[in-house]
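Asker: Input: one structure, supplied below.
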């Protein structure tokens with residue numbers, strides 16, 4: 001085997017390894033971007049309400065509701081858990097379409 005053919009094989013080997021490494025890097029970055037999900041939601045919904053609780057739950061007796069009750073679902077209301085219309089500004093800023101939860105007695 002001459003020096004020229006050995007050198008040629010080495011150049012081909014380096015080129016093949018470079019292409020394989022580049023392809024592997026692009027594949028890894030694509031995998032991380034599209035398939036690996038971060039378990040923490042980067043756009044938190046609840047920004048300031050009862051942050052010391054692991055889960056926020058509000059329960060109401062049906063008898064206490066009266067004829068109609070309107071509850072916040074965007075977590076932006078100053079009267080939380082009741083809706084004050086803050087979702088309108090939230091929807092304009094984010095392009096979201098969230099609205100309140102409205103509970104009313106059935107007409108008999």
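FYI, residue positions are counted from 1 along the chain as it appears here.
Cβ atoms are placed via backbone N, Cα and C, with glycine included.
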Asker: From 51, 55, name the one Swiss-Prot lists as ubiquitin cross-link.
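Answerer: Out of 51, 55, Swiss-Prot attaches the ubiquitin cross-link annotation to 55.
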Asker: Do you know which of 14-31, 32-49 Swiss-Prot annotates as transmembrane segment?
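Answerer: Going through 14-31, 32-49 one by one, Swiss-Prot gives transmembrane segment for 14-31.
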Asker: Which entry in the list of recorded positions, 55, 79, has its Cβ near the fewest other Cβ atoms, using 10 Å as the limit?
Answerer: 55
Asker: Return only the integer: C-alpha distance in Å from residue 106 (ubiquitin cross-link) to residue 68 (ubiquitin cross-link).
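Answerer: Pair distance, Cα basis, whole Å: 10 Å.
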Asker: From the recorded positions 55, 68, 78, 79, pick the residue whose C-alpha lies nearest to the C-alpha of residue 105 (ubiquitin cross-link).
Answerer: 68
